[in-house]
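First the structure, in the form of C-alpha cells, and then the observations on it.
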C-alpha cells in the first residue's frame, strides 16, 4: 500500500467505490483502525453512505481487535455527531439549511424536528439505530438547542447498539455476517425501532400517570 492510498482521501475514495477492497487494505495497514474512526466521523457528518459495507469486512479480517473496532467506530460517530450538532446550533440558518436542501432532506428534517420536539432523547436513540440519515437528527438537535450532553449520550447508546451489535454478529457468524446484514438489516432496524417506540410510549404513559396524580 502506498502512502497516498493510506491517506484519508485515498481511503475515502476506496470506501465509496470498492468497499471490500478498502476493508482488505485497512486490515493490512498499521493505521487501519484510525482510518475506520475517520470514516465513522465522515459517515456521521457529510458522507451519505453506510459504513457497514466497509466495517463488516474489516471486522472479519481483524477479529483479533473486534471490540476495539466497534468502540472506535462508535467514538468516531459521536465525534461526528458533535460537529453536526454544532452546525445546527450555530450555523443552521446558513450551512445547516444549505446541507438539508443540497441532500434533499427537507421533508425528513421537518418530520424529525416535530418528533424531536416531543421525544428528544428517544428520537435520537431511535434514529441512531435505523437507516434514517443521522445527519438529520444532529441538525435538528442543534437547531432546537437540545441538551448537548443528552444528545451525545443518546448518540453513544444508539451507535453502540449498532456497532457492537455488528461485532457480535461477526463473532457469532463469521463470514456469513455480511450476507446476514444485507438480508436482514431492514427487519433488524424495524425491531430496534419498535423497542425504542415501546420505551417512548412507556415514558409518555408513566409521565402522564405521575403528572395526573
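Each Cβ is built from the backbone N, Cα and C atoms, and glycine gets one as well.
Unlike curated records, TrEMBL annotations are generated automatically.
For reference, TrEMBL has these:
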type: DOMAIN; residues: 67-170; note: domain 'VTT'
type: TRANSMEM; residues: 33-59; note: transmembrane segment
type: TRANSMEM; residues: 65-92; note: transmembrane segment
type: TRANSMEM; residues: 121-144; note: transmembrane segment
type: TRANSMEM; residues: 150-174; note: transmembrane segment
type: TRANSMEM; residues: 186-206; note: transmembrane segment
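Averaged across the domain 'VTT' (67-170), pLDDT for the predicted model comes to 87.
The stretch from 65-92, 121-144, 150-174 with the most CB pairs below 8 A to the transmembrane segment (33-59) is 65-92.
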